[in-house]
Amino acid sequence: MEAAEAVSGVDVGRLEVEDRDLPGSPNWAARFTILEGDPDGQFTIRTDPRTNEGVLSVVKPLDYESRERYDLKVAVQNEAPLQAAAPRAERSQARVSVQVRDVNEAPVFQENPLRTSLAEGAAPGTPVATFSARDPDTQQPQRLSYSKDYDPEDWLQVDGATGQVQTQRVLSPASPFLKDGWYRAIILAQDDASPPSTATGTLSIEILEVNDHAPELSPPWGSLCSTPDRGSGLLLGATDEDLPPHGAPFHFQLSPRVPELARNWSLSQVNGTYVTRAEATDADDPETDNAALRYSILEQGGPQLFSIDPLTGEIRTVQVGLDREVVAVYNLTLQVADMSGDGLTATASAIITLEDINDNAPEFTGDQQSWDKRLLHGLQDDLRDNILNYDEQGGGEEDQDAYDMDQLRHPAELAALGPSSGRPPLRRDAPFGRARPQVTRALPTSPADIADFINDASPQPVAEGTRPACAGPETPASPQGLEAADSDPSVPPYDTALIYDYEGDGSVAGTLSSILSSLDDEDQDYSCLREWGPRFSRLADLYGPP
């Protein structure tokens, strides 16, 4: 038998067998097996169900230069097991010889596709690569020639004898055939046999970006308010004909050649901020297009605030609008595709969380409120008998306690406690929470004691019975005691000085009714309280005649 090289899926020949069992039955049907001579599995043999013959076929291309002849050992048996009492056939195995026929094979490129790179704007005559092939026919030496089959921009020139490729003009960066920075051409290699055989190779050229264009401001001019912190400012952008990494993002600055600009103007970066980088891997050969990955954003759930570099996978902001108080988290759906974006795809999610910055000033909440302040007259009976200053700022619950009468000391007595410094004594209030000293005092024998203290800076003791119980002050035109209490910085405010006694937790004093509680009301006359002015109107209402 004979088989041509470099072909597969063809029948080589048939093997005939004889079986006297019932045709068409499992006892008659033959089954063939190759026992020896085919280590690489280049042949197979099947049964023709109509003739019961074995058909030998080539399943892998044969190579005359590697092996010119194959000697196969083939065995045959029925599909049904042979009975034990049946005689054994002497010719159940056979040897088959297959001769390989030499044919003209097409040239083979040593690297296909061939990937290389070239700088943008390469001058005419710049070498690109040598796309060479070899002829597998060693028994038939032949010469190979090279030519272009596909070069849409007519950019390349191929040496027909060597396969060296070079540029013949400058490739425009705006060429529609330049996709994602790659240019593709198809090169042919042909032998001189009759008929000739041709091989096809793909040349992929990556155009390396060169920073040969300066960015341009957009807008090129604008108007600004010269008053500080007035106006909305001027939003500047930029464009660049260069591709990444020589294009966006941009860095803005005031011209260093004019230093005085920095004293009057400032710049703030508002977008183009680097966020993160998506990275994918491909198990295919990295030297082929099968592993050429391209990134894109399928969905970002709202305004287009982010962009991704198709080659590097870098994610950046593209415009103003990120506000954590409005949207704190963005969920981006990313896609990566091989074959330079035309092959298989995979998706992934990128969750971007905004960091909080202090970009909101505090504001008052609720409506503006107002409060009314009234005079002290007409106090209700359910209020405490304690007078507080309207402008007093102090410690909450501690402000509800009245001052002890022992603190209403005469300035002359305070001066006697220490050397005179020529300056009025300073007021030193006790800290909040300090327990008030409790001093046992004798109850006043008559209301005249109060009047004497208020109207006289140095009241004299009055013997019981020498003055009326409601005698008026001896010097009403000069209330020296009251003036001394009002001007003394070491005592409470003047309104508090009118409190006749301290009333609170742990006080030895009783309630308002404790004044001369040991005496009968019939022994005292309080009608004069109404003559002492509005400050004593409350006492007059409580103890005076109806």
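A Cβ is built for glycine as well, from the same backbone N, Cα and C atoms used for every other residue.
In TrEMBL this protein carries:
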REGION    1-21  region 'Disordered'
DOMAIN    9-109  domain 'Cadherin'
DOMAIN    110-217  domain 'Cadherin'
REGION    118-151  region 'Disordered'
DOMAIN    272-364  domain 'Cadherin'
REGION    414-494  region 'Disordered'
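Sequence-distant contacts of the region 'Disordered' (118-151) (same chain, at least 6 residues past either end, Cβ-Cβ under 8 Å): 63-65, 102, 104-105, 107-110, 158-171, 173, 184-193, 199-201, 203, 205-210, 212. In this model, the domain 'Cadherin' (9-109) carries an average pLDDT of 87. Across the range of the domain 'Cadherin' (272-364), the DSSP-based residue counts are 6 helix, 35 strand, 52 coil. Shown for the domain 'Cadherin' (110-217): DSSP residue counts in helix, strand and coil, namely 0 helix, 50 strand, 58 coil.
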